[in-house]
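Participant: Pasting a structure below so you can have a look.
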């Protein structure tokens, strides 16, 4: 039976609960324990799949096709444990399930209420896989006191009550604001946050206090006294130069030991932090630097491309270089020349996205990379834009475009080199879709196999002829244009096993130009960089010597 750690937050949002959870998971693994991390989000959306990246940041896709919170990306990157659909839930999903059961008559005519029906559904979700791991870490989204989070707080209170004593603990993240005028940290917001938590029946066992300044021993004792926790359980969380310092920093502050003490695990296994020391060394001691331009649509919010930014960092670690990322708004190229914005970059990456806005700029970025021999990685829409660019400017299909843009405009304007994907094979079943289907959960989602063409660049990079990668798209390069594009020199180097869906394209006469329909960034880790990103940065490093 798993031990449960519930992670909550107070005072303000965006304190870093996800990173703290991921770092703690990594530290417990370093001591020989198995872990699984979960995220419970109070918002009423069923999942983040239809939410704007400006609202929510990126959508992290699991192998089994769940569209989840970006924190699950942190969980995977720090622990190496592949997330599942059962590791993420929202109020919307919980309420939807409860209402479906009510319609089926599962509740036998009873009045449906938040307590017990909604809270029971949350508790059932938390308990999934109870016997699979040593520790289950459950992060509650939002902050204590938010009205939409109350059912989740009540559910974890009940869950802890139902379990044997010592089976569950609570870890609460707060902020210690610093007043420059008086030159002191203020503990009152933390005290009030804990008081709010206690008022709903939850007493934190560990306090993680975010601070920009060292926490004096006197203040630590004060927090412990008024929040009713041991002094050793008041853990400082300071701002770091890189998130990959978090496991070592939290270990230095005693977080993992405080957790083991709270569970009365003694003697505690000693941690092996060799991997994280190596990661930290690679981040802090690069032997050079490369500049990568990300030409995207949501560049005002870096969290919209969180996994891509991290995967580039991982590629830098693999090559002992610092990757300097600059965000370029693709719409700028609608009215301005590409060259002044992209000159001096050692590589160009065009990420995924939806809608026509900014796509002409992405096509121009792909053209610039092709014509100027700049390493190019196109992901999802970035691959589609590279194919459209090749069709227009090399294969002489002047009206080449995407059905997505025609659907958005309500009229036919392009020859659809990229079309709406209406059916595909998933496992042993055929999946069908129509243009008018609901948006949520109707894309080609999750891990799919692909066959690589021997002798191609991607086959050399992967060192295999068969791969599986995660997808999130409803538009696809039309296979009927393959012959025309290959006659122009483009190579379709990766295909779905049935040979119907192009997964990877490349220009063989280019130093490094690859487009992939999937999202390789979702499987990259600091201690195991994705091979595409590692080789992309290798090519950028090589190009940096030529620029």
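Each residue, glycine too, has its Cβ placed from N, Cα and C.
So Swiss-Prot lists the following for this protein:
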ACT_SITE  380  active site, nucleophile
ACT_SITE  519  active site
ACT_SITE  521  active site
BINDING   13, 146, 147, 148, 186, 187, 188, 189, 190, 191, 222  CTP binding site
BINDING   13, 186, 187, 188, 189, 190, 191, 222  UTP binding site
BINDING   14, 15, 16, 17, 18, 19, 71  ATP binding site
BINDING   71, 139  Mg(2+) binding site
BINDING   353, 381, 382, 383, 384, 404, 474  L-glutamine binding site
DOMAIN    291-546  domain 'Glutamine amidotransferase type-1'
REGION    1-265  region 'Amidoligase domain'
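For each feature listed, report its degree of burial, its nearest neighbours and the pertinent distances within the displayed model.
Facilitator: Of all Cβ atoms in the protein chains displayed, 21 besides its own lie within 10 Å of the Cβ of residue 380 (active site, nucleophile).
Contacts of residue 519 (active site) defined by a Cβ separation under 8 A and a same-chain sequence distance of 6+ are given as 61, 307, 352, 379, 380, 469, 470, 471, 472, in order along the sequence. Residue 519 (active site) falls within neither a helix nor a strand when secondary structure is assigned with DSSP, and so counts as coil.
Counting every protein chain shown, 28 other Cβ atoms lie within 10 Å of the Cβ of residue 521 (active site).
Mapped onto three states, the DSSP output places residue 190 (CTP binding site) in helix. Around the Cβ of residue 190 (CTP binding site), the same chain contributes 10, 11, 174, 175, 176, 207, 209, 223, 227, each under 8 angstroms and 6 or more positions distant in sequence.
A simple way to gauge crowding: the CB of residue 15 (ATP binding site) has 19 other CB atoms within 10 angstroms, across all the protein chains here. Secondary structure at residue 15 (ATP binding site), taken from DSSP and collapsed to helix, strand or coil, is coil.
Neighbours of residue 139 (Mg(2+) binding site), defined as other CB atoms within 10 A of its CB across all chains, total 26. Taken residue by residue with DSSP, residue 139 (Mg(2+) binding site) is part of a strand.
Over all protein chains present, the Cβ of residue 404 (L-glutamine binding site) has 22 other Cβ atoms lying within 10 Å.
Summarised as a single figure, the pLDDT of the region 'Amidoligase domain' (1-265) averages 94.
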Participant: Cβ neighbours within 10 Å, counted over all protein chains: which one of the binding-site residues 186, 188, 222 has the most?
Facilitator: 222
Participant: Compare the Cα of residue 139 (Mg(2+) binding site) against each of the recorded positions 186, 474, 521 and report the nearest.
Facilitator: 521
Participant: Give me the Cα-Cα distance between residue 353 (L-glutamine binding site) and residue 18 (ATP binding site), rounded to a whole Å.
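Facilitator: On Cα coordinates alone, these residues lie 24 Å apart.
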Participant: With a radius of 8 angstroms around the mean position of the C-beta atoms of 353, 381, 382, 383, 384, 404, 474, what other residues of the same chain does the L-glutamine site pick up?
Facilitator: 352, 354, 380, 385, 402, 418, 473, 475
Participant: Relative to the Cα of residue 384 (L-glutamine binding site), which of the recorded positions 13, 18, 147, 521 has the closest Cα?
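Facilitator: Going through 13, 18, 147, 521 one by one, the closest to residue 384 (L-glutamine binding site) is 521.
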Participant: Most Cβ neighbours within 10 Å: which of the binding-site residues 18, 382 is it?
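Facilitator: Ranked by Cβ atoms within 10 Å, first place goes to 382.
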